[in-house]
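See below for the structure under consideration.
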Amino acid sequence: MKLLNFPLEKRALQYTAVFACSVATFSSGCQYGWSSPSLPLLLSEDSPIPMTNEQSSWVVVICLFGGLCGAICAGITLDLIGRKMAILISSVTFIVSWLMMAFANSLAVLLAARLIAGYSDGLIYGVIPVYIAEISDAGVRGLLGCTVTITFLIGSAFMNVIGTYLTIKWSALICAALPVIILVLLIWIPDSPNFYLIKNNHEKARVSLVAFKGVEEADRTLEILAESVTKGNLRCLFKKPSLKNLLMIMGLRFGQQFSGVIAFTFYAQTLFQEGSDALSPLSGVLIWYAVQILFSTIGALYVDRIGRKPLMIASTIGSVISLLLGGLFFLARDVLGLDTSGISALPTVMLITYIISYSSALQLVPLFLGAEIFASNVKAYSVAISDGYYFIFAGLASKYFQFTMEEYGLYVPFLTFALCCSFGLVMIIFFIPETKNKTLEEIQMEMNNKSSA
């Protein structure tokens, strides 16, 4: 089976724009991965900024509340200043946050830096999936949309490595240089044709289409786009099929976040210490990210071949089984007092099988699926609500994990996450549509037909 179909001349600008966006998500991955190597330093006796365990937990999760603000701003700015300008603004705020982290001399400054970093995340994850979906050809839209997650993971792994061997200051300074690449590349690339049509600028929309898809595609597509792209308001979001789509994405995002991945990422080194004495925390974390990157890449290569829905079903089933087995192990060891010394490596194995399953689709698809199924007249509002919802539940999942792990033991969050992930499986099987190899206009026609049926 042929996995790749990359006519480079035709799609060169698509790939360049996606690469620039990928640098932004790489920087986001760095800031999410920052907590794993940095927390042990901040909690040590010679910490540059002394803090308690409770304070350190807020350093970890405050970025998620910044993400909520960023998601709201993404919804406001998406149709106001455009996708491209919002990404450029996020690059500047990323630079500011990294410089603040590099030179922070108090807990307040560090918290502010993490809050700004979270704001940048909320902005890019509200805008980049939409931008990529609108500039990409249908045959590679899934693959290019998946680069957001893959580069995020590579950034997280990168930060775990440099954060282990460098000081907090120097690792932050290195990361501060990355967003400059976005500014240099993206400033020369046009915004999406959809944005120009929303602004009633047909001339720029055609120039954008020619740049991204060629003259033949531009002439054929412009008229169709012009008919489908309309301005909307918040009330349009609460009408069929937009309301149904919003509820689907919110349910999927709930199952995704309460599968526990954000908590496992933030506390990866702690979990590997709990799971196995034979594996160093850093080695475990690097395996964690290497597995994610490998299987996310495999999932990305097949998402436009097999389809979004079949991959997500298989991915979610594997995640549920792994979480359930991990929860039962900790229940047997910590509550029932059974001797588990002979299978002490089982939690590590379960974490790895979980992340293999999760990475192959559940981690990839929900982020760009919303950009595919929402109509242009509600896309900005739906992005703000669904991404804001995502950051709220990411924060709650992380705090829930920390609280239940300390108060009751690891079996409680593992079993809870297995239950919530099962809810996501039901959503995928019965409600999530298949969008592979369909243009955004074809997806909207199908959604409207189902709504009126």
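Even glycines carry a Cβ here, placed using N, Cα and C.
Because TrEMBL annotations are produced automatically, they should be read as predictions rather than curated entries.
These numbers come from a predicted model, not from an experiment.
Per TrEMBL, the feature domain 'Major facilitator superfamily (MFS) profile' maps to 17-436. For 12-34, 58-78, 85-104, 110-131, 143-162, 168-189, 245-266, 286-303, 310-331, 351-369, 381-402, 408-432, the entry in TrEMBL reads transmembrane segment.
No contact links the transmembrane segment (85-104) to the transmembrane segment (310-331), because fewer than 3 Cβ pairs that are 6 or more residues apart lie under 8 A. At the 8 Å Cβ cutoff, the transmembrane segment (351-369) and the transmembrane segment (58-78) share fewer than 3 close pairs (sequence separation 6 or more) and do not count as touching. No contact links the transmembrane segment (58-78) to the transmembrane segment (168-189), because fewer than 3 Cβ pairs that are 6 or more residues apart lie under 8 A. The stretches the transmembrane segment (286-303) and the transmembrane segment (143-162) are in mutual contact, each linked to the other by at least three Cβ pairs under 8 Å (pairs 6 or more apart in sequence). The stretch from 12-34, 110-131, 168-189, 381-402 with the most CB pairs below 8 A to the transmembrane segment (245-266) is 381-402. Residues belonging to the domain 'Major facilitator superfamily (MFS) profile' (17-436) score a mean pLDDT of 86 in the model. The transmembrane segment (168-189) makes no contact with the transmembrane segment (110-131): fewer than 3 of their CB pairs lie within 8 A, with pairs spaced 6 or more apart in sequence. For the transmembrane segment (110-131), the residues of the chain that approach it from at least six positions outside its boundaries are 17, 21, 24-25, 27-28, 31-32, 49, 58-59, 62-75, 77-78, 83-84, 86-87, 89-90, 93-94, 96-98, 100-101, 104, 145, 148, 191-192, 367-368, 370-371, 379, 383-384, 387-388, 390-391, judged by C-beta separation under 8 angstroms.
With a cut-off of 8 Å between Cβ atoms, the residues of this chain six or more beyond the transmembrane segment (381-402) that come close are 57, 60-61, 64-65, 67-68, 70-72, 74-76, 78, 118, 121-122, 125-127, 130, 232, 234, 236-237, 242, 245-246, 249-250, 253-254, 256-258, 260, 262-264, 266-267, 370-371, 374, 413, 416-417.
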